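Below is one structure, written out as structure tokens; the observations come after it.
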Amino acid sequence: MNDLPEIDDDALKLDPAFADQFEPQFRPACQLYLISPPAIDDGFATLLEAALDAGPVAAFQLRLKGIDDHRIAALAAPLVAICRAREVAFIVNDSIGLAKRLGADGVHLGQEDGDPRDAREQLGKEAQIGVTCHDSRHLAMEAGERGADYVAFGAFFPTTTKTVEHVAEPALLGWWTTVFETPCVAIGGITADNAAPLVAAGADFLAVSSAVWGHPDGPAAGVRAFAGVLGQG
Ligand SMILES: Cc1ncc(COP(=O)(O)OP(=O)(O)O)c(N)n1
Ligand SMILES: Cc1ncsc1CCOP(=O)(O)O
Ligand SMILES: [Mg+2]
């Protein structure tokens, strides 16, 4: 497959004059996609169970930073079982190999983490493959061309979970969902209080870490807090 030529991102914006020429597509309601804290211990399994039992969660991403794959695999085993028992997709961050080793439902790839085409080859046609696209229309279209199952845009709000270089605006979600069927994920500093414009703009998933795991009343309360903005209240 040929790569898309590099295009000026601004040139890809949808002219509002033509927006009504696109048929509104049916899209399922926006769902929660939990991202793990960057560091966990064996006690995290209990927190994950509490979070997943508190309300609908579509996916859980294991995103551990600064430890080797063997340790991640040991920590992951009970978490895979917890997700599987609840039909929550278990997604591994960064590593196609680790996703395969764990029998994960998919992998999330940043721009430096590998090619979705390789992920597809190694993980198979059922795997859920996501790609970080920052605030770039070009990267998102490229990811779609390469077979991504979802594209992730962000960061929408300031976050302490990751040092970010790109800031995305809700209009990007509106453009993407008007033109493409591939689901889009919004990420970065999302809380129950600031998420409404992202849902209104068309986000298919809200990827959330600290607002759930750092909720003052615990992760179950963190998940429940999103019910209103996700129309589940
Ligand atoms: C759903 C989702 N979106 C974006 C990211 C960020 O991925 P990446 O840019 O590779 O950064 P790290 O998470 O690896 O620090 C993500 N993990 N998940
Ligand atoms: C992994 C990642 N990628 C962009 S922002 C971010 C952090 C998401 O965590 P939080 O919901 O705590 O901001
Ligand atoms: Mg990464």
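Cβ from N, Cα, C; glycine included.
Annotation note: L62 (4-amino-2-methyl-5-(diphosphooxymethyl)pyrimidine binding site) sits in a strand segment as assigned by DSSP. The feature 4-amino-2-methyl-5-(diphosphooxymethyl)pyrimidine binding site is assigned by TrEMBL to Q61, L62, R63, L64, K65, N93, T132, K162.
DSSP assigns D94 (Mg(2+) binding site) to coil, not to a helix or a strand. Positions annotated as Mg(2+) binding site by TrEMBL: D94, D113.
The average pLDDT computed over the domain 'Thiamine phosphate synthase/TenI' (32-212) stands at 98. Residues or ranges marked as domain 'Thiamine phosphate synthase/TenI' by TrEMBL: 32-212.
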Sort K162 (4-amino-2-methyl-5-(diphosphooxymethyl)pyrimidine binding site) into helix, strand or coil using the DSSP assignment.
coil
Can you check which residue among the binding-site residues R63, K162 has the largest number of Cβ atoms within 10 Å of its own?
R63
Same chain only, sequence gap of 6 or more: which residues have a CB within under 8 Å of the CB of T132 (4-amino-2-methyl-5-(diphosphooxymethyl)pyrimidine binding site)?
H108, L109, G110, Q111, D113, L139, A152
Any same-chain residues 6+ apart from N93 (4-amino-2-methyl-5-(diphosphooxymethyl)pyrimidine binding site) with CB under 8 Å of its CB? Would you list them in sequence order, or say none?
I35, Q61, L62, R63, L64, V107, H108
